[in-house]
Amino acid sequence: MAHYVLLVLAFTLSSSEFSSTGFEHDIKRHVWSRGEDTVGTFNSAIKPAGMEPPDYGNQTWTSEGFSVIASWPDSTKKLGQLSAVSLDVDGNIVIFHRGDRVWDGNTFLTNNVYNQRAMGPISQPTVVVFNASSGLVVEEWGRSIFYLPHGLTVDADNNVWVTDVALHQVFKFSQGGGKPLLTLGVAFMPGNDDDHFCKPSAVAVMSNGDFFVSDGYCNTRIIKFDKNGKFLIQWGRNSFQGIRSPVYEFSVPHALTLAEDKEMLCVADRENGRVQCFNCHNGSFIVQFRSREMGSRIFSVAYSPAQGGLLTVVNGPEFGGGGLVSGFVISLARKQLIEAFSPNGQGFHNPHDVAISTDGNQIYVVELDPYKVWKFVKGSVNSTRIEPRPIANTSTSAIKSVIPQNGLNFSRVQIVELPVNSSSASTIAAMVGIISIAAVIAVVIFAAVMKIRKRGGSHAFGTDDLEYSKLME
């Protein structure tokens, strides 16, 4: 009986901790335990800008649609698995590819150590810059540096930031490559402390130079560093694929994008099929997006400040098959899924990353297989058009569902919002969790005692007990 009760207690306590205290635990462990509160990180007065409930009035808004440019880029340029895409300050398109390397079941050992180190670094240039108009190669670099490229972003100073999942490292380069300006992580050594990563997936850089790393495939955490690479804060806990996880939990935080005008960092929570957005100053949760159309796997997300803020998302193939592999556009101003796009409306195969221009008129998608870079421009019919219906202006609802006006087979987009830095909400959540745990324990103990009394003393587990134990394993 004691073993039975302890099993239930451990399960309920761990569930409560994951759902209600994971975020605070991780940040406090690294900041408060050191007696630090850098630049008011936990100042409750901090509030994200531009996230007040919008005044919808009687307005409607209609997407113009995106069409694919079939002849872009230069087809003579041979590429490998394409893992990342970004736009530089000059409007060029910067991609990261794996050359002759393919990530498969033999690439890593079970302890996440790279298993193909003997092959040496990729001999081909892995960073390729294309002219946005002509599609011709402007420059390329990154030869004999990387082993398994993953994430890439270009900051406001045209510095190029990349992650290599084989090296378990993050690099900052000046435009054109050369010697890294900054290197984080220890080569080929996975870990989960302040100095190690485990298959880091992406980087996002603020205008002041502070940056975020999604770490990634093993550690399922978001880490914020200052411009010099000094650790500031982290948040995130592991969740299980296919389970509706609480906020702050990730199942492969796969890509990052900054909406700095709204003070938000958004994360493509890949295997949870959602986008979670956090305050970029202190990591507190703001909003998350998911929908049936976007499916259960979200590979990447990108942001444009156009039209009050647009999030562009690409999903991935469902494990069970079915569903359209596509790109999607979410309007932050309307809190609305407004359109879907793909090559001639036929869907992608294995998209891995997406980028959108500042004006929102161009979208770029890269695929792992086929080895393809797609360019989309606004202004055609190769997308699903939605005319959003205005919704009530309210700040009291915790969950808002928005329904397209014309009903073009788009289900509701679930938008979950939580108060920022709300101590009262945290207290209530903690009290509810404690009461729930106590109730569960009381019911279990009562049931066990009654069963023992009924059978006249202690006994081995019966059929019912075995079935319940299997559910708990």
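Each Cβ is built from the backbone N, Cα and C atoms, and glycine gets one as well.
Look at TrEMBL and you will find Val85, Leu152, Asp353 tagged as Ca(2+) binding site. Annotation comment: TrEMBL describes Arg98, Tyr217, Arg270 as protein binding site. Summarising the annotation, TrEMBL assigns Zn(2+) binding site to His150, His254, His352. Summarising the annotation, TrEMBL assigns disulfide bond to Cys198-Cys218, Cys266-Cys277. Residues annotated as repeat 'NHL' in TrEMBL: 135-176, 191-228. Feature annotation from TrEMBL assigns signal peptide to 1-16. Sequence annotations record features per position, and here TrEMBL assigns transmembrane segment to 428-449.
Checking each of the recorded positions (His150, Leu152, Cys198, Cys218, Cys277, Asp353) against Arg270 (protein binding site), the C-alpha distance stays within 10 Å for none of them.
Rounded to a whole number, the distance between the Cα atoms of Cys266 (disulfide bond) and Val85 (Ca(2+) binding site) is 17 Å. Annotated pair Tyr217 (protein binding site) and Cys198 (disulfide bond), C-alpha to C-alpha distance, rounded: 7 Å. Looking at His150 (Zn(2+) binding site) and Asp353 (Ca(2+) binding site), their Cα atoms lie 10 Å from each other.
For His150 (Zn(2+) binding site), other Cβ atoms within 10 Å of its Cβ number 28.
Distance noted between the C-alpha atoms of Cys218 (disulfide bond) and His254 (Zn(2+) binding site) is 11 Å. Taking the mean position of the Cβ atoms of His150, His254, His352 as the Zn(2+) site, the remaining same-chain residues with a Cβ inside 8 Å of that point are Ser83, Ala84, Gly151, Ser201, Ala202, Ala255, Phe299, Ser300, Asp353. Taken through DSSP, the repeat 'NHL' (135-176) splits into 0 helix, 21 strand, 21 coil.
In this structure the alpha carbons, written CA, of Cys198 (disulfide bond) and His254 (Zn(2+) binding site) are 13 Å apart. Cys277 (disulfide bond) sits 13 Å from His254 (Zn(2+) binding site), taking the CA atoms of both as reference points. Considering only the binding-site residues Leu152, His254, Asp353, Cys266 (disulfide bond) has His254 as its nearest partner by CA-CA distance. Cα-Cα distance from His254 (Zn(2+) binding site) to Asp353 (Ca(2+) binding site): 9 Å (rounded to the nearest whole number).
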